[in-house]
Amino acid sequence: MAKTDTASFDSILVLDFGSQYNQLITRRIRDFGVYSELLPNTITAEEIKARHPKGIIFSGGPNSVYDDGAFRVDPEIFKLGLPILGICYGMQLMTYTLAGGKVESADNREYGKANIDVTSDSATLFKDTPAEQSVWMSHGDLVTQAPDGFDVVATSKNCPIAAIQDVDRKLYGIQFHAEVRNTDYGNDILRHFAFDVCQAEANWSMDDFIDMQIEKIRAEVGDKKVLLGLSGGVDSSVVGVLLHKAIGTQLTSIFVDHGLLRKGEADQVMASLEGKFGLNIIKVDAKDRFLSKLAGVSDPERKRKIIGNEFIQVFDEEATKLNGMEFLAQGTLYTDVIESGTSTAQTIKSHHNVGGLPEDMQFKLIEPLRTLFKDEARELGEKLGMPSDLVWRQPFPGPGLGIRVIGEITEDKLEIVRDSDFILRDEIKKAGLDREIWQYFTVLPGIKSVGVMGDGRTYDYTVGIRAVTSIDGMTADFARIPWDVLQKISVRIVNEVDHVNRIVYDVTSKPPSTIEWE
């Protein structure tokens, strides 16, 4: 029997202290089949107790425990008797809070790969892992004295206390980031915490998520009406099908053709969602309106905000025509939230689904995918019976091609990106790489260069190709596309797309870059 309340699952709570990786901790635990969610560090012991979790994880963070305004935790949490794992800042905070512990500024800061030595045969989290292993460090402070009752179980060259444990109280700390894939045995460490220490049961699944969200949506919406903004991407499409399953005709979807869509996208969206699933979709042609607002604007943040605001204004106008629309649904994902910044994390970039919303918005928000990563959203789509060609469409940002034209947006520039992106996707699919490469698209950097075509001099645009491999979009590496495939793509773009004479390939990972250029 499907579960419809989070209390029905064994869960591990992650407290947010500001690390850009904190969502990954939640994701890793969920990968084990254990429900997990990220909560503010201001949560009280009583609030945690009411949730009945199997354990707690303190995330990393940018603060020093000695900073004014540094994030703290309710000390009563340590009296709940629950297993706690502190990661990086989380370990330092645990040490700072408990008696006998000491944290100091490091003489030699560690950022990146480091080797640790596991010094105890009874190190619970390191069971069945090598005595020497590579981990991912990112810290300027370190623990110089473990709290009373703790044993030091791992060290590194620049960090004499790299891991600690108090088995009796089920308290554990690691100075490195087990959630990052650069830590060789990170999954093993987190798995030992979830199952050996917390004794959690793997009873969480996507089927449960669907049932839980449907019940939650019905309870929140009641008999009211919901307006959904379809962007043409995977996320909003999945939200549309999920909402339709939950509330049927109470959902009206607005598909705004803002002139920033990919080639043939508008027709594909209408055919897939209106035709197959029966969604009630109103298509709005707002191309001239959006391009007029964006004229002369080069700053990427301004472009995002303008596009977000225009979307809401269009929705407001359509809602007025429809009468009684109280809710606005969006396809916001976990990665959107973290990159837009939380109360603890710095903003990397504002997302259309998060940062572009005006303060006087007339709708109540519904974001059913807010706790999911991209691949989880795809899994959800498949579980809902959506066709694979729709579920596996390339990720597409809310602002569309507006952030793939670097600088000022014009119709001519959009056409270059639209046509070149179509060629890229076509050749990647022909090569059988469309499921191997996580995301791929073209971008117009706004650079012109000299070329020779037809024995004549040209001075035309450069098109950039961005292709990455990833699991969840939080970290990514550039895809190693075979040279012959890249050559075909390059030749076709230069020959078939007007005003282009040069192709470049982005070979940067995330971090330091983001996947999108803007």
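Cβ coordinates come from backbone N, Cα and C, glycine included.
Listed in Swiss-Prot for this protein:
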- Cys88: active site, nucleophile (ACT_SITE)
- His177: active site (ACT_SITE)
- Glu179: active site (ACT_SITE)
- Ser231, Gly232, Gly233, Val234, Asp235, Ser236, Ser237: ATP binding site (BINDING)
- 11-203: domain 'Glutamine amidotransferase type-1' (DOMAIN)
- 204-393: domain 'GMPS ATP-PPase' (DOMAIN)
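In this structure, the CA atom of Asp235 (ATP binding site) is 25 Å away from the CA atom of Glu179 (active site). You'll find the Cα of Glu179 (active site) roughly 26 Å from the Cα of Val234 (ATP binding site). Nearest neighbour of Cys88 (active site, nucleophile) by Cα distance, taken over the binding-site residues Ser231, Gly232, Ser236, Ser237: Ser236. There are 21 other Cβ atoms within 10 Å of the Cβ belonging to Gly233 (ATP binding site). Annotation note: Glu179 (active site) sits in a coil segment as assigned by DSSP. Burial estimate for the recorded positions (Cys88, Val234): highest at Cys88, by number of other CB atoms within 10 Å. Other residues of the chain with a Cβ within 8 Å of the Cβ centroid of Ser231, Gly232, Gly233, Val234, Asp235, Ser236, Ser237, the ATP site, are Leu230, Val238, Val239, Gly331, Arg393, Phe396. Under 8 Å, Cβ to Cβ, and six or more positions away along its own chain, Gly232 (ATP binding site) finds Phe255, Leu261, Arg262, Glu265, Ala266, Gln268, Val269, Phe396, Gly400. Under DSSP, Gly232 (ATP binding site) is assigned to coil, being neither helix nor strand in the three-state scheme. Rounded to a whole number, the distance between the Cα atoms of Ser236 (ATP binding site) and His177 (active site) is 32 Å. Note on the domain 'Glutamine amidotransferase type-1' (11-203): its mean pLDDT in the predicted model is 93. Long-range Cβ contacts of Ser236 (ATP binding site) within its own chain (separation 6+, distance under 8 Å): Leu228, Gly229, Leu230, Gln330, Gly331. Cβ neighbour count for Ser231 (ATP binding site): 25 (other Cβ atoms within 10 Å of its Cβ, all protein chains included).
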